[in-house]
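Peer 1: Supplied in C-alpha cells, the structure appears directly below.
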C-alpha cells in the first residue's frame with residue numbers, strides 16, 4: 001500500500017541508521033518529515049534550558065539541510081503534538097504516521113495519543129526501535145518479565161540475546177523520489193526552524209558543541225582515525241579537569257539521536273576485533289554504551305524512575321530541604337574551587353566530564369550537603385546538552401547511593417579530587433577567573449592563603465569569593481552515619497540493585513589504582529582551621545555510565 005505519511009521526528013534527528021524513516025519511505029508515495037516544537041512539553045516535562053534549546057535548534061537546522069540535499073525538507077510546527085498531527089492529517093490527506101519507539105513515560109503517553117488518533121481516522125502507524133541497541137522490551141521479557149537490576153545480570157541477558165542488530169542503510173535521494181512535498185504557499189515562513197530569539201531566549205556563551213548529525217559524524221570520524229586510542233581507552237584513566245575533553249564528547253549527539261548508538265557500537269566492535277589488545281567492559285567504550293542500555297532498560301520498567309517516592313528500587317531518604325544551600329551549589333558559590341569550577345563549566349558549556357559529574361553529585365547529596373538527588377537531576381536536565389531521562393536519573397541515584405552503588409563509604413573530597421590530576425589548578429583558573437592569580441599551593445583551598453597572598457591575588461576570601469559553605473570532614477562523617485542507618489533500615493531495597501559479587505568497575509579499578517579505604521584516617525580537626533580536611537576521599541571513580549551517557553550521561 002502506498003501511503004501519504006507523516007514521519008514524526010522526536011529524537012533520532014538523523015538520516016543514517018534510521019530504520020523507521022527508511023521503512024516509512026518504502027511504503028509511501030509522499031512523506032512529510034515533521035518536528036513538533038511543543039514548548040510546554042519540552043520545558044515542562046523534559047526541563048529544557050537555553051543550552052539544550054540551542055543544541056536542538058542547531059540539530060533541526062542540520063537535519064533540514066540534509067533533507068533538502070535529498071529533495072525533501074523538514075516541517076517545523078508549534079503546538080501540542082496531538083493537535084498538530086490532527087490538523088496535518090486533514091490538511092495533507094495523511095494515511096500513515098511513523099515514529100521511533102521510545103521508552104520514556106511521557107513519550108509513551110504521546111504514542112497512545114497518536115494511536116488513538118490513528119484509530120479514530122483509520123490511519124496506519126509504523127514504528128521501530130532506533131534509539132537503543134536493543135528493543136528493551138526484549139531484554140525485560142528475556143529476564144522473566146522484570147528488568148535486570150544489576151549490570152552483571154544485564155550482561156548475562158544480553159549474552160543470551162546475542163549482538164545488537166547492524167545499522168540499516170542510510171537514507172538517500174532515491175528514497176525520496178516518490179515523496180514530493182505538499183504544494184503550499186509560504187513554506188519557508190510557515191515551517192522554518194525558529195531562532196533562539198524567536199523563542200524569546202538569549203544565550204551568549206560560545207558554541208563548543210554544535211548540534212546536528214553532520215557534526216556528530218565528523219566527531220565520530222575524527223576519533224576513529226586513532227584506532228589505538230579507541231581500542232585502549234579506559235574511562236577510569238580519563239582526566240576530569242583537562243582543559244579540553246579527554247573523552248569523545250559524543251554524548252550530546254547520542255542523547256538526541258544525531259548519532260546512532262548502533263553505528264557507534266558496531267564501529268567500536270570492528271576496531272576492537274582488529275586490535276591485539278584492547279580495554280574491556282565496563283570501562284571500555286563498548287562497556288559504556290552498555291551502561292547506557294542498562295539504564296534505559298531499568299527505566300523502561302520501573303515506576304517513577306526519576307523520583308524517590310513511589311520508586312521501588314530507590315532508598316527512601318529524609319534529605320535536607322535547604323534551598324539556600326542548593327542555590328549556592330547551582331550557582332557555583334560553594335566556596336570549594338574544584339566544585340565551583342565544574343558548575344561554572346556546566347553553565348557556560350553544557351558539558352562536564354563524567355568524573356566531574358561524580359564530584360558535584362556526591363557533594364550535593366551524600367558527601368556534604370545531604371540534598372536530594374532529584375534536585376541535582378533537575379539542574380542537569382536544564383543545563384546539560386546530553387541530558388537524558390534514563391541515564392540522568394540512574395546516575396543520580398547511583399552517585400547518591402540511593403540505588404545501584406553500594407560502596408557508599410567512598411566520598412569524593414572536594415579538594416583533593418581535583419588537585420590529584422591538575423595540581424597547578426589550570427582548570428580552576430580557567431573557570432573561576434576570580435581565583436586565577438592564586439599560587440598553586442592555595443588554588444584549591446584559597447581560604448588557607450595568608451592575607452597578603454589574598455591581597456596580591458586580588459581576591460579576598462569572604463568578600464570576592466565565599467568561604468567554604470561546610471566543613472567537609474564533619475559533613476561527610478555525619479552523612480556517612482546517616483547513610484549507614486538508612487541502608488540498615490532499608491536493607492531489602494538496597495539489595496535489589498546489588499550484585500552478589502564485586503562490581504565489575506571496582507574489579508577493573510583494583511588493577512589500576514591502589515586500594516584505599518574512604519575515611520582511612522579522620523584528619524585532626526582544629527578550630528583554627530575550620531575548613532581543612534586531611535581525609536583523602538580520593539576519586540576512585542565508581543561505575544558510571546559514560547559520557548555517551550550522562551550523570552545525565554556523558555559518553556566517552
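Glycine is no exception: its Cβ is also placed from the backbone N, Cα and C atoms.
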Peer 1: For the feature region 'Disordered' as recorded in TrEMBL, pick the matching range from 479-517, 518-556.
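Peer 2: Here TrEMBL associates region 'Disordered' with the stretch 518-556.
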Peer 1: How do the residues of the domain 'Photolyase/cryptochrome alpha/beta' (3-133) split into helix, strand and coil according to DSSP?
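Peer 2: Reading the DSSP string over the domain 'Photolyase/cryptochrome alpha/beta' (3-133) gives 62 helix, 33 strand, 36 coil.
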Peer 1: Compare the C-alpha of residue 249 (FAD binding site) with the C-alpha of each of the recorded sites 319, 373, 396, and give the closest one.
Peer 2: 396
Peer 1: What are the non-local neighbours of residue 319 (site 'Electron transfer via tryptophanyl radical'), defined as same-chain residues 6+ apart in sequence with CB under 8 A from its CB?
Peer 2: 365, 370, 371, 372
